[in-house]
Structures are given as C-alpha cells and as structure tokens.
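Peer 1: Pulled the feature table from TrEMBL, pasting it below:
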type	residues	note
TRANSMEM	B:77-97	transmembrane segment
TRANSMEM	B:118-150	transmembrane segment
TRANSMEM	B:162-183	transmembrane segment
TRANSMEM	B:195-216	transmembrane segment
TRANSMEM	B:289-311	transmembrane segment
Amino acid sequence: MLDPIIELQDLTKKYDQFIAVNRLSLSIQKGEVFGLLGPNGAGKSTTILMMLGLSEPTSGSVRVCGINSTREPILVKQKVGYLPDDVGFYEDLTGYENLIYTAELNRLSKEEAIRRAKELLARVGLSDAADKKAGAYSRGMRQRLGLADVLIKQPEVIILDEPTLGIDPAGVKELLQLIQRLSRDEGITVLLSSHHLHQVQQICDRVGIFVQGRLLAVGDVSALSRQLFAEDLFILEVGVKQLSPDLIEQLMQIDDVTSVKQNNELLFISCSRDLTGEIAETIVRSGARLTYLNQKQYGLDEIYHRYFERGEVK
Amino acid sequence: MKAKLISPFWVMVRKEMADHMRSWRYNLMLLLIGLTCLGSLYTAMMSIREAVPKDQTLNAFLFLKLFTVSDGTLPPFITFIGFLGPLLGISLGFDAVNSERNKGTLSRVMAQPIHRDFLIGAKFVGALILISMMFLSLGFLVMGLGLLAIGIPPSAEEFLRMLLFLLLSIIYVGFWLSLAILFSIKFRQSATSALSSLSIWLFFSVFFTMLIQLIANATAPVNATNPNDILQHQQFIQVIMSLSPSQLFSEATTTLLTPTVRSLGPLTLEQVYGAIPSPLPLGQSMLLIWPQVTGMIAATLVCFGISYAYFMRQEIRSR
C-alpha cells in the first residue's frame, strides 16, 4: 500500500475565471481499480488530460509511474494507455489495421505488432470483425477495439474515460468484466471515470466522488455509502389517502425511523433499516388508505445532493 | 533489430500518404491535372511551329516552349499549374486536423508516445511528398511526350530550368497546403476551413488583380511628365502586386521558362540601350527571381509556423 502509481498534488486547472479542477490531491495504488465518479462537467476529463500531459495544470503536480506528466509526457504515454470517451478510429482502415498503426506508433516491431494485435482482438472478442472496416463497427465494438488499442502498448496503467457510455447493458457488463479480468490477471492499474455509480461499483476497489472540481470523498463503495447514509439508509415513498396528523406521530414512534416528510398525499419516510412491513401495517391500522408504496434506491444523484447539502452546511 | 523499426513520424507520414492515395479527392485531382496537362501539351505542339523564331539565334530554348506556348484554345501548362496547384494544395490540407478531431481519432493518437508536432509535421510532409511525386511525374511525362513529338532533345540548361520550375510549383502548392492546414486547425468544421481557403485562393486569383487596377488608376500621377514619378508609381504597384503568392509564382515561372525575360520591373531606355537581345543564363534568371522564391518559401513557413504554434497550444479534447 506504499507504492502509489498515480499521485496528484494540489492539482488545479483554471480556464479564465472558471475553476475546472480545484486543489485535487489523490493517490492511486498499483494494481488498483479506481473509479472517478462525478456528473458531467465535474472536471474528470480535465484531470485525466493533465495526467497524460495533454493539458497543462495551472498549479500543482501530477506524477504517473513516478514521472512528472507535465514535464515528460512522452515517457508517461509510453506506460499509460488512454481510452478517450467516444473513441474514434480511422474509418477506412480495418480494426486490425488500426491496431497495427497504434502498435507502430509505439515502436513495436512488425512481428510483435501482428502477434499482439491478433491476440488482443481475440481477447476482446473481435476476431471475426478484425477485417471489417472500423467505420462499420457498432458503438460497443468500437469501445472493445478501444480497449485492445490501449492494451497493445502493454501499459502499466490504463485510464478509461466514460468507458460504458452509450453501450447497452449486456455490453456494459461484458466490458466491465473484461476490465476487471485485466486488472486481476496482469496487475494493470485501472482508472476509470463514470457518472454511473451502480455500474462502477461492481468492479472498483475504491471510488472518488468528484463534483465541481473538488474531490468530496474517497473510499470503497460500501464504506462510502454506509458513511453517507448511516442514519437513513432507506427511503420509503408512501401514498396515503385520508391522512390524519396522528399517523405521522405514530410513524415517528417506530424505532429506527429518522424522519417523516409530508407532501400532500405523499409521505417520505427515512429509516436506518428496512421497515416497509411495519410502516405499511401502521398506516393500515390507523384507518388511512394506503395507495402506493415504493422503496427508493440511492443513486449517484442522491449522493451528490447529500454532499451538496453537507457542503453548504459547512 | 533496432534498425528495422521506423520512427513513428515516418509511420504517420506513410499513413497520410496511403490515406490520400486511396481518397477520391486525390485521384480526381490527379485525373484533372493529368488531363489538362495533356491538353495543354497537345495545343503547345500544335502551335510550336509558329513559335520557332525565324532567325536561328533564339531557337535554343524551343523545348521550354512546350510549357509556355498555346494557340489560344487552352492555356499553357504554367497557367494551368498556377491555377490548379492551389486547388490541389487546399484539397489535400483543408481537413487535415479537424477531421481527426471530429472523428475522435486525434485524442487517441495524441495519447500515444509521440511528440505533438509529429501530427501536423506528418500531415504536411506526407501531402508534400505526394504533390512532388505528382508534379515530377507529370513534368517528366510532358518532357517525354514532347521529346517524342518534336524530336529535339532538351539541353542540360533546359532540363535544369524545367526541374527548377517543377520545384517552384511544389513550393507554391506547399504554400496553399500549409494555409489549408492552418485553417483546418483553426476551424472545427472542415467545410468552414475549405471555404476559407478557397475564398483566399479566389481573392488572389480573381479579385486581387482588379483591386490592383483600381489602386493603380487612383494613385497614377496626374501629369505624367516626370519620368521619376512614373517609375515610382510603377514600383509601388509592383510592391503591392508581390503580396499575392500567385503573382510571385507566375513571375518566377515565366522568368524560368522564358529565358529572354531580362527584368521583372520597368526598364528605362538607357538600361536597354546597348543590351544584346540574347537569353539570360540560368544563374542570372535565378538571381532575377530570387526575391519571388524567397517570398514564396517565407509565406509557406509563416503559415506553417502559425499552425504549429496554434496546434501546440490547443487542448486536445475528445470530440
């Protein structure tokens, strides 16, 4: 745990007056799968560009594999594979030719390039489509070819920007499993950015939540949500007719219910464990009519909102 | 083992060339220029008989006439190159960078361990190599056909003059190429950059001469009695004329291919007096057009330099 492969210190990027990344400090260990979570425009891509030396930080420093990315981008790019979001390929070349081209730009010998391209195409499941023009590839295929493209230089770190964007659920699952296998089998460090918590939490060892250029929290997913939602892990949305004020009182009496909010005929009940049964029973016994009951799941949205609330309280 | 590896720069150049050669655009331009070149060669051969001077002193440069004479139905070869060359340069360069950006390949290529300037360098060099190949082969084709048709072999000097003419044409097209690449970096849409380059080309090839006419008429000395005034005015017009790259090109190539051209500016009667009406040697012709050549190279380098500076500072975002 003492071997950070990506180290960001007080990294800041300003565009005129707009602060895209604000004093970001983060270190990622070797072999880790790290998820950078945040809404669009949070500064995820900007951070990634700075790691690759494609964009210059206003202040602060980036070290990847012990190399300063701003000073020595070429050395960093030899060791880091980067898959941009919505990756593009040369459309009149085949998938195979695209890979060979990337291999040659990485100074691989012809034989090595051919061998690795074939092996990787098989690995990402594109052997059949290898001789098809890349222009005819579907979005999911492009993303898988992108993964092969990143791996052809045998990187120590791969950085994936929104790898799951625009792919169907089956494709997402497949891609994520592929990424996980890579990290496990070859010890490659993976940094991926996304705005889908539930997709990323399946494979990430740790995630960082990144909103408006600031890193709000870092940790593994379960610890993060336990820490965030310690008091009200569950929210029930209940539709009730003929509601009496007593009922709200009664609901508040139930153990582990932390708050009840009313909005016309809708009640929002937060509780620290699953109390759906008890709450339904209470409502029915009070003589009110239960019309609808829904247990809400926490998405990334709620996490952001939660953090915003806290941020403003501070 | 190490020696077998090609530098990534040449890998990129090779890919650029392969892309162009497979493209419709390049092949259409090749066809167009090839056809006009054969057409102008045909008219030149039809009219070369009249171009042979009656006295035997000047027919030494008959071979060069293949490039310059015409019977009026089709313009001669140098006019065609002057007209179509810019179009070729623009068509090879106008979407060099922005198409990569729009297809999302730019950020992927930039994430490879290569210097950033490799990309525009490779775009420029790749296209320039293709242009050189096209011009040299067309030039030699014209020479070969001309040799077969008129049966007089070119002298060494004629051959050198023709080579220099081809080289000048390549530099001239290189200027338009680098201008188009500059616009392709500046504008996100390839249509915008194509139209901007074309409008500059149209401006210089059509409107610029009209504009010069206007300025010349407006600034002409009122009472043209003082020869110094007239001379000054003439020189002033020449200075603004030379702002146009097509003007530089046509002055330079005319001088090269017509050795009898002795000066590009006005000559007074005293200067002409006593001169022997003989063609200039190659060295003297080169001296005469040196400013034009320098101007063209400088314009190319300025365009490329601006593109370079602009591209290095641009942020590479995906799409």
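Glycine is no exception: its Cβ is also placed from the backbone N, Cα and C atoms.
No curator has checked TrEMBL annotations; they are predicted automatically.
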Peer 1: Taking residues 6+ outside the transmembrane segment (B:77-97), which of them lie with a CB under 8 Å of any CB in it?
Peer 2: 20, 25-26, 29, 32-33, 36-37, 40-41, 44, 66-68, 70, 106, 119-120, 123-124, 127, 130-131, 134-135, 142, 165, 169, 172-181, 183-185, 190, 193-194, 197-198, 201, 205, 246, 249-250, 253-254, 257, 311
Peer 1: Tell me whether the transmembrane segment (B:118-150) sits in contact with the transmembrane segment (B:195-216), defined here as at least 3 Cβ pairs under 8 Å among residues 6 or more apart in sequence.
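Peer 2: Stretch pair does not touch.
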Peer 1: By a Cβ-Cβ criterion of under 8 Å, what residues six or more beyond either terminus of the transmembrane segment (B:195-216) are in contact with it?
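Peer 2: Same-chain contacts beyond the ends: 83, 86-87, 90, 93-94, 176, 179-180, 183, 187, 233, 237, 240-241, 244-247.
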